[in-house]
Amino acid sequence: MSRHASSSSSSDRPRRPSLEPLLASPAAMTATKHALHDAVTVAARQPANERDQKLRDNLEQYEQLFGAGEDAFDQPTTTRRELWAYYLYYNGDNGVGPGSYSQTLFQSALTSAGHDPSISPPVAGNCGDGACVVPWGKGTRSVASVVLIANGLCFAVMTLLFVWLGSAADYGSFGRWLLLVLTVICWIFQYGFMSVKGAAQWRTAMGLYIVSYIAYGATLVFYAALFPRLARYMPHVRKAREEDLKEAKISQDEYDKIESLEKNHISNISTAHSNIGYLLTLAINLSILLPLQGHDYANNWAHFLTNTYWIVLGIWWFIFQQRRPGPKIPRGSSYATIGWKQVLLAFKEVRHLPQTFIYLVAFFLLADGLNTTGTLISIIQADQVNFSFLQITYLGISQAVCSTFSTFSFWYIQRYFKISTKRMFMITNFFSVFIPFYGMLGLWTTRIGYHHIYDFWIYNILFGLFQAPYYAYAQTMMSEVTPRGYENMYFGLYGITNRASSIIGPNVVQAIINSTNNNWLGFPFLVALCTAASIVIWFVDVEKGRENCRKYVEERKLLRVARESGRTVEEIVEGAEEGDLTVETVNGGRKTP
C-alpha cells in the first residue's frame, strides 16, 4: 500500500489526535494512558536502562516512518553564511518604514484633511495645537482616534492570519514560502506610499498603511519562529544533543542550558542587527532629508530609500536559507485547515502546557499595553515635531544608538554571569511600566510627561536602553516554553499576543481620547495593564515549562503514529518495548484505504 494513499471512506478517515478514539473501554483507557505516560516519560528524558533505550530507539524509527517530527528528515547544520543572512534580514526589516514613516505619512495626510472642531465654519487644514477631526461616516473623528482604529484593524487581521497560517508553517516547506510572500507584499505596498502627496490621499494612505503593517507584523512573527531551530542546529548545540546527551556525558538540564544560551545569543544579536539597521537607515535618510528640507515630497523619498535598504539586505536570507522541512501534514488535513485544527487542539489541551499559556496570556496584556503606549506616544510626538521627518529621524537615531549598545551589553552581561532569560526579561519589564507612568504624570503637570521635545529625547533614550532587549528576551522566553516542531504555531499565538495583541488597548484608549480630546488620559489604563502583566510573568516556571513541552511533543508524535498505523497506543508501546513490532510490521499494518 502506498504511503501517500488517501482515505475515501468515512470509516477510514484519520482520527482526532486524542486518547478517546483509541480506546474501547474504561479498562482500555487506563491501560493506554499508562502506556502513553511510560513511553512519553522515556522519550522525553535520558534512557535509564537498556529497555528504555530500546523503546526510545524503536519509537524514533516509527516517528521517522510516518514523518511525525522534524527529525524524520535530514536537517542541515546551521552555517555561518546562513546565520549572517538571518541577521541581515532583520537588519533591513527594522521597522523604520512600516512602523514609523508610514504612520507619519498617514497621520500627516489625515491632519491636512482635518479641521479644528472649535472653529466654525469647518475649514480643512486649519488644525493647530488643539483638537483635530476628520469626516468619518455621518460625523467626525479625531485624527488620533482614526490612527488607533487603523491599528486595531491591523491587529484584528493579524490575529486571523496567525491562527490560520501559523500551524501550517510548521509542516513541510510552507513556512519558507510564506515568509517570502509576506515580505514581497510589504515591499510592494511600502513603495505605494510614493503616491501619497497630501490631504486628498488620506484614504489611500490608510489602506497602504493597513496592508503594509499587517505584512510587516507577520514577517516579524514568522521570521522570529526560525531562530529556535537555527539554535538547535548550531554545530556545538547539535554535538551536545546528538553525542554528549545520548552518551550521558551531560544531563538533560545541562543540555537545556546550552541550547537556551544559544537561543539567547541568536535572539540578542539579531535584535542588535535590527537596531543597527534602524540607525543606518535613519543616517542614510539624512542624505535626502537635509538637502530637501522643507520640500513637500522629501518624506516620500526618504520612505522609498528605507524600503530599498530592506530589499538589498533582506534578499540574502531567501538565497542562503537551508531547507529544513517540518513534519508531513497529518492525513485528513491540508495547509488551509491545519492551523484552525491545531490551535483548537492546543486550547483544548491547555492543561498539558500550563506555563506556556500563562506566559502567552500575561504577554498578551504586556504587549497590548506596550504597543498601545508606543502608538500613543508616537501620535503625541508627531504633533510636537509638526510631522517633521528630520526631527523624527534625529529622535530615532538616539533610540537606535542606545538600542544597539544595550542589546549587546545585556547579552554580554547575561553570558558572563550566566543569568537566566526570565531574570533579564523582568529587568526590562520595569521600564515597560515606567514609560506609560511618565506619560501619566503629564496629566498633572506640563513640565514633564511628553509635553516638550526634551520629553521625547528622554523617551527614545530610555526605550533604546531598556526596551530593545525587551523584544529579544520576550521572544527567547517564548522559545523556552514552545514545544519543539510547533514553533510557527506557538509563535503565531505569540504574534497574536505581541503584534496582534492590541485589540483591547487601542480601542479602549481611542474611546477615552475621542470622548475627552485629551491624549494623556490614556496613560493610566496603560500603566495598570503593564503592571498586571509583569506580575503574572514573574510566576512563570520556565524549567517546568521545558519539561512539559518535551512530554507534549513525544505524546503528539506517539498518538500520530498510532493513528496513522491503525494500531492502539498500547500496541505500539508494547511492540516497541519487546522489539517484536518492527518498522516493517508497523508499516504493513497500516489501514488500507
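Using N, Cα and C of the backbone, Cβ positions are placed for all residues, glycine too.
Because TrEMBL annotations are produced automatically, they should be read as predictions rather than curated entries.
As recorded in TrEMBL, the features of this protein are as follows:
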REGION    1-25  region 'Disordered'
COMPBIAS  1-11  compositional bias 'Low complexity'
TRANSMEM  143-165  transmembrane segment
TRANSMEM  177-194  transmembrane segment
TRANSMEM  206-231  transmembrane segment
TRANSMEM  276-295  transmembrane segment
TRANSMEM  301-320  transmembrane segment
TRANSMEM  357-380  transmembrane segment
TRANSMEM  392-413  transmembrane segment
TRANSMEM  425-444  transmembrane segment
TRANSMEM  456-474  transmembrane segment
TRANSMEM  520-540  transmembrane segment
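Among the stretches 143-165, 276-295, 456-474, the one making the largest number of Cβ pairs under 8 Å with the transmembrane segment (206-231) is 143-165. 301-320 is the stretch from 276-295, 301-320, 357-380, 392-413, 425-444 with the greatest number of Cβ pairs below 8 Å to the transmembrane segment (177-194). Proximity of distant same-chain residues to the transmembrane segment (276-295), defined by a Cβ-Cβ separation under 8 Å and at least 6 residues beyond the stretch ends, is recorded for 90-96, 301-302, 305-306, 309, 313, 389-390, 393, 396-397, 399-401, 403-404. For the transmembrane segment (456-474), the list of distant contacts is 264, 267-268, 270-271, 275, 363, 367, 370, 377, 381, 384-385, 395-396, 398-407, 410-411, 421, 424-425, 427-432, 434-435, 438, 450, 498: same-chain residues at least six beyond its ends, Cβ to Cβ under 8 Å.
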